[in-house]
Amino acid sequence: MDNQGDVLDVKPIRCLTPFFPAYAFSQVAPPDGSSAGPGMNPLPPFTQPAMFATPESQRRPISGKTPESSNGGAGSSRTRKTARKRTVDRPVSSRSFPQPTPISSFRLQDADGSSEGRTRQSKRYKSVENVDDGFTFSLADGGDRGPVGEVMKTFDALRRRLLQLEDAKDMSPGVSRRPDLKAGNIMMTRGLRATKGKRIGGIPGIEVGDLFFFRIEMCLVGLHTPVQGGIDYMTSKFDDGEEPIAISIVTSGGYEDEDDDPNILIYTGQGGSTYREGKQADDQKLERGNLALERSLRRGNLVRVTRGVRDLTTPAGRIYFYDGLYKVQQLWMDKGKTGFNIYKYKLERVPGQPNGLLVWKLTQQWRDNPPSRGNVILPDISSGAESIPVILVNELDDERGPAHFTYLVKVNYPNNYVPIAPRHGCACSSVCIPGDPDCACSQKNDGDLPYSSTGFLVSHKSMLYECGASCPCSVSCRNRVTQRGIRLQFEVFKTSDKGWGLRSWDPIRAGTFICEFTGQVLDEIKGMDGDEVDDNEYIFEANNIDEKALGWNYIPELLGESRTDDLNDGAKPFSFYIDAGKVGNMSRFMNHSCSPNVFWQPVLHDHNDEKYPHIMFFALRHIPPMTELSYDYGLGQANSGSRKMKKCLCGSTSCRGEF
């Protein structure tokens, strides 16, 4: 992963000021720890093992006097550079602090990821048009997530395109590229942010478990304002005056935090260490973020916690996920590893929220020791056909699995089908190089290789052309992503109301290849009467246009590019079907959603018949571990009258009701 240490210096100027309606749902829980209301299930089927209990830390209580900062104004940083500000001692007993204000109404997202525990409200968003560049930025496109969803999608699409452009210019090792900061700078300058102010408690549109691969993402959606600092705080008014209080913290591994317990975080204060060496070089002081956390202890306000975990796909990379709302419970001073004084804060997670860190710990345990995964029916439903086992589990009832089918890793074409021979491929000797004007495969894809160096899809296209059998490049070529098969750990699981579903143990980044939809290719649904068509829930209808994929691409006007036809018409219907009722792979278990997290992309590589492309699924957005994977089935045959409409059970706020 790119270096996260650089500081983004941006100055928002003009235009594109989004309109933000009042959200009805918020991830706010009552400070008294009471239940989140009827229908709430605080734990998913997998329960918390006792191994995750953390022993009490060695701690040294703070003395009877508490130093206060001479500057209690708003600011934000948990920077490593030692702060040199004058502090004043004042006895704790000289002040009286009000009790926390109770929160009268709240709703939390259900622990299983559904939205039944969320207050629903019809939302209207304003489209913001840039008259200078001629494009429209609509906050309504964010779906259930509102402005947050649209901002996250726009940022990552822009970052992927910037990385693609930079790869084409310079592939030299050691070259520092920060497309994340460049994309963030563009969006901040344009005013494309989900929120511009600070707030206490949950952020509408951000749910427990949401992933962030760059600190600037958290800034753009209003979760955590500092791009580099670990403590975000604001000045709040109280009956007895104004004080800084902490509203958000991020753990990133740079300090001596104790973060193994899913419900308790021992957080180390800011300051006292140097930028260059990253070591404690001085005593920490009770000022800025440290002071704000101390005031939050006394005021009892909610604090957002985002945890950083190691990215297993990148040696030095980290993934950040929102772990929910906490309250500061204790503060003490301790000796750091280098002998200097550091502040320690104990934060406890507010009960009734969906699981955060616990999910990561369990999936990590299962990856290290697959037999530790409980409720397993079959360790591999593919029987070795996939390079990574696909596990079948049922945590709800005694059903022993779905109806019998033959696992198939490739599509079956009709017996009378004669595929068109693969097109003449590239002449790249080892791998295709971005920006190579002589690469025929690159030119076939409008002059750009469609994937990043790490295998993420850059943009949805009406047709994507991978290197094929006639290309001499190796299997490691970046333009053979889907041909290498699955790279994630999947499990087929029993859902509460939709039969069987599909999810992954891994955090999935937007643009990640999921799998191919396999089965029997049909020119038309023949040989079945109407009832048989209605009963067959495993037919993929390629005559649907995946509307969610149309808005997934970057906005070219933000980079001064002209809009191409392929960006305007990024999806088109096809006149074939794939029947996975009797033969298929794990993709047959992906359920429909009106607010999906997966989309399909037509791909050609082993033949040149554009009427029958491979249907490949990619991640529409960042997907947390153990989140059900779904795509939009569309209306298709139901719309044309070939089959009956079915009731939609996706539960999203943008649900159409039927599909």
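Positions of Cβ are set from backbone N, Cα and C atoms, glycine also.
Bear in mind that TrEMBL entries carry predicted annotations, made automatically and left uncurated.
Here TrEMBL gives region 'Disordered' for one range in the set 32-51, 132-151, 172-191: that range is 32-51.
DSSP states for the domain 'Post-SET' (644-657), grouped as helix (H, G, I), strand (E, B) and coil, give 0 helix, 1 strand, 13 coil. The helix, strand and coil residue counts that DSSP assigns across the domain 'Pre-SET' (424-485) are 11 helix, 4 strand, 47 coil.
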